[in-house]
Amino acid sequence: MYQGKGTYLENYLDSISTLPSELGRNFALIRELDYRTSDLVEKIEKLKSNLLVTTNGTRRAVHELTDERASKHIKLEMKQVIEYSDEKVELSNQTYELIDKHIRKLDIDLKKFETELESAEEEKKKKKSKQSQNNSTVESSTTSSSSSSSSSSLSLSSSTNNTSSLNSSSGGGGGGSGGGGGGGGHSSHSTGNKKGKARDSLTSSSSSGNINGMSSSSSSSSSSSSLSSRKQKSMAAQDIASITGNNGDADVRVFNANPNDLDLAIDPNEPTYCFCNRVSFGEMVGCENPDCKIEWFHFECVGLTSTPKGKWYCPDCTRIKVKK
């Protein structure tokens, strides 16, 4: 556990609080022993001077008994000097060990503090790195959500614009088809009603899809909003053009839709056509029978590969005409 430099400093100061007094006591004892040793050495020197008398360069003993006593006295004093010296050495060793003990403790505490400091710094770096990663994840999620929202808004705006163009294009194409039919001599009341109904149903389909798309975009989650936007783009991308040949060709309606768009969810309000009961896509041909129940058919469902010449009737209406 990280204790902090303040804690280590307090503990160390507490441990050395008695050190000055201990050192002072030892030094005082050593000084006292020095004084005693000095006195003994001086005393021994005097005894030695009295023991040896030099006359004319020769040495002679004064009295045997006195010399023997003086010699024993000198030995005792020398022995005492040695004892004092041993005590001083012992006190010096104690003082050294006392100081060395505190130095070792200081080294151990410094090493421990350094290790704990490195661990604390490493843990702080890990926390900072983890916090940075979390912030990056949140920012990335926010950016992704913002991009998704912007993309959805752009898709909705594009779908609305395309749907408006679709409605105006459907109205203009219907008028052109009526004019072309009159010039070719094949325009009739039934055909006009039929085209008008088809235009109304297609326009209603586009408008319904647009309204449903905007409603689901505002009320559902971001995933359903994305699906609705894609469906709106698919429906709005169907470029509808009424083509009526000046030479009396059958009424053909072309839907430039991507076949992949058919895999998307179909709006239940969008009208269906043909025997297959599917929505409008690709090229479609209209039956000239005003009473036809289906009216519009996909080329592939009625076996057509190109625009038929003249008037065209669906298989059901053809059988009815043959019977009549």
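Just so it is clear, glycine is given a Cβ too, placed from its N, Cα and C backbone atoms.
The annotation Zn(2+) 1 binding site is assigned in Swiss-Prot to C274, C276, H298, C301. The annotation Zn(2+) 2 binding site is assigned in Swiss-Prot to C287, C292, C314, C317 on the grounds of similarity to another entry. What Swiss-Prot lists as compositional bias 'Low complexity' is 140-169, 201-229. Taken from Swiss-Prot, the feature compositional bias 'Gly residues' applies to 170-186. The feature region 'Disordered' is assigned by Swiss-Prot to 120-237. Taken from Swiss-Prot, the feature site 'Histone H3K4me3 binding' covers Y273, M284, E288, W296. What Swiss-Prot records for 271-320 is zinc finger, and it gives sequence analysis as the kind of evidence.
Cβ neighbours within 10 Å of C276 (Zn(2+) 1 binding site), excluding its own Cβ and spanning all shown chains: 11. Burial estimate for the recorded positions (Y273, C292, H298, C301, C317): highest at Y273, by number of other CB atoms within 10 Å. Taking the Cα atom of each, C274 (Zn(2+) 1 binding site) and W296 (site 'Histone H3K4me3 binding') are about 6 angstrom apart.
The local packing around M284 (site 'Histone H3K4me3 binding'), expressed as other Cβ atoms within 10 Å of its Cβ over all shown chains, amounts to 23. Among the binding-site residues C276, C301, C314, the ones whose Cα sits within 10 Å of the Cα of E288 (site 'Histone H3K4me3 binding') are C314. For the Zn(2+) 1 site, the Cβ centre of C274, C276, H298, C301 serves as reference, and the other residues of the chain with Cβ at most 8 Å from it are Y273, F275, R278, F297, E300, V302. M284 (site 'Histone H3K4me3 binding') falls within a strand when secondary structure is assigned with DSSP.
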